[in-house]
């Protein structure tokens, strides 16, 4: 529906305008002509400057050919929603515009080595027609963003896409944010992969014969990349998909501290972080000056007073360096597809490690010119499937059903 050619787009725009604007505007047809002229000019600008094919960055020709054949969406023109293609607008509108598919979860709490607990939300897909045997049903581990949970619309859409393919999903909720109690004075961060390692081991031990891959969004993608950079090939995951990851945390926080971005995103995100820990204040006060933490007005201030201290970093710069996935990309040992928009204020285009990605045959970057942060809206009224959802669906299906062909093409 989004892949309209020039003639279709201009014709539909003209018909729509004719139905909305009276010929008698300004007493003649001049007004309609001006509106139609503006519409055609805007359509020309949109088709020439906004709607573009994504840039596919991969050093491995076999990986490229595999994606072109089994995940063709990464080579097709991306047509952002014509009335909200700008990155900030896409970022702000997606949570309000996109639908929220109904998903029934089965919750599981697992214990950690330090005495804490992690909440997992399972979508078992027990009615799967394609994979009726639960022991071999493909499993997708989903990692939400910084303060996200299994209730986020982008997670629900990924589960909906997986359901149609017959796959099972499990959502990894970071400690303390999905309604469970915090049993120890510890939460989570993008650099520490211990909880993720425990979850991957747990899920794999339950279904050792099932094909297993993971998908991470925003900070979830950063955490997944840091885990993959640490483990290399020594992981039960066969592949991973990464969406809107912040590649260089220094560049991300600098971008978010620009006046407009602070007003639109940074302050709100900081309050979300504070809200996520305020419920556990009694537990956290054992180690932190919570009054000082709650005075933070930027993500950087919050990380300086709370996150970096919790995980034992000497300075916030030490934490940000360790949390930046760009520094570990060379060590990734399984096929990974990473989708970013170059107009994402959370992950600026100039900070995307294109040259580093070219040095690892397991990595492919898909870079769109528009899409914002977890936006990627498309279609006239983008309530359902987004470009990101389509990339997710095609890539997980390609890997689960044809992944063995990557090395033989």
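Positions of Cβ are set from backbone N, Cα and C atoms, glycine also.
Per TrEMBL, the feature transmembrane segment maps to 23-47. Positions annotated as domain 'AB hydrolase-1' by TrEMBL: 138-379. Sequence annotations record features per position, and here TrEMBL assigns active site, charge relay system to 218, 344, 373.
Recorded features from TrEMBL, shown on the structure.
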| residue | record | Cβ within 10 Å |
| --- | --- | --- |
| 218 | active site, charge relay system | 26 |
| 344 | active site, charge relay system | 28 |
| 373 | active site, charge relay system | 25 |
Between residue 218 (active site, charge relay system) and residue 344 (active site, charge relay system), the C-alpha gap once rounded to whole angstrom: 11
Alpha-carbon spacing, residue 344 (active site, charge relay system) to residue 373 (active site, charge relay system), which is rounded to whole Å: 5
Model confidence over the domain 'AB hydrolase-1' (138-379), averaged pLDDT: 97
